[in-house]
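Below: the structure, in structure tokens.
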């Protein structure tokens, strides 16, 4: 009943105004939080290290698997253990509804197939191709490497709806096997990637490319508003076709994309309390709505954890004394000459264990391969403070201070 109510709420709230397609996003418990609440996190991480923490932005196609012989050399590795923000799409005629992660860190669209044999698929909505009058079988197979397992599936073409927007003949993947326990506990059914086409070699044209090709939006732009500041905030919005001034304050500061695969930009430095600087000669940063953390090179992150008073646990997480948040230093991320300040209220994650609050660092160490400068990932810890705009027309990413108030988007529209 709760899932059905959520689906109905998301369907009713998606709407168009002033040329923008608004997709409500719900903030739900991450897989990590669920595992911790059920006292299974330590066992899970012990059994899956190091892969469960790796969101590896590299090519690694597993050899020797007959079902994966697609004539391609690789597929990206990533997982969604910390994903929190989900929205609704539908596929087929009549429509079949699915909850997905709108992910700027990938470019594929996939959902579970009714023929899926994995335990994870039994916990989620599955696409029934035989019930749709507009389904076209593609004939190709796909495989995506997630940690130690491989997602396997078949490809098809179908009518896709995102709120009031209809995309014709969209290529997508139907998973018939989903590996690992992460997908069993995940609150989402699938993933809708919003990265560049070079990340979607296996699954064809990314969704936003189809939207642009079919001229379904006025501008080749989408933007994200994410919020974890207020208990009553439903989570945020994805806006297709532009941006909304009611959701941010101050100017938009633009950053050119340095590599057209992920939404990757140049990062000048990271400073702690305006003094100690990491990557003083510049780094690369991937803007990623599919993870909640800020991820950086191990050496830098370990030093940063010490500076904010975080202490390691036996499973690689870092605890912070909740009573000391007001005294912790600011962390400043410098992008294209503009300083983006994060206070402890932003970079510390709070969770309740029974009636006890625990505070965790929002920074995570991972040495990601990069052909350019050292690579960082800016996830929701950063994006919930700053409204983000993704411009495919000019290949740039913009940021402005997010406006977190009880003045809702609907209120703003009614006032205009």
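Quick reminder: no glycine exception, Cβ is built from N, Cα and C everywhere.
Unlike curated records, TrEMBL annotations are generated automatically.
Pulled from TrEMBL:
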- 103: active site (ACT_SITE)
- 288: active site (ACT_SITE)
- 116-121: disulfide bond (DISULFID)
- 279-283: disulfide bond (DISULFID)
- 322-359: disulfide bond (DISULFID)
- 85-400: domain 'Peptidase A1' (DOMAIN)
- 1-19: signal peptide (SIGNAL)
May I ask which of the recorded positions 103, 116, 121, 322, 359 is closest to residue 283 (disulfide bond) if we compare their C-alpha atoms?
103
For residue 359 (disulfide bond), which of the recorded positions 116, 279, 288 has the nearest Cα in space?
288
If one measures from the C-alpha of residue 121 (disulfide bond) to the C-alpha of residue 103 (active site), what distance in angstrom results, rounded to a whole number?
20
Between residue 322 (disulfide bond) and residue 103 (active site): CA-CA distance (Å)
30
Looking only at 279, 283, 322, 359, the disulfide-bonded residues on record, which one has the least crowded Cβ, with the fewest other Cβ atoms within 10 Å?
322
Rounding to whole Å, the Cα atoms of residue 279 (disulfide bond) and residue 288 (active site) are apart by 19
Rounded to the nearest angstrom, how far is the Cα of residue 288 (active site) from the Cα of residue 116 (disulfide bond)?
28
Where among the active-site residues 103, 288 do you find the Cβ with the fewest other Cβ atoms within 10 Å?
103
Let's check the environment of residue 121 (disulfide bond): how many other CB atoms sit within 10 Å of its CB?
22
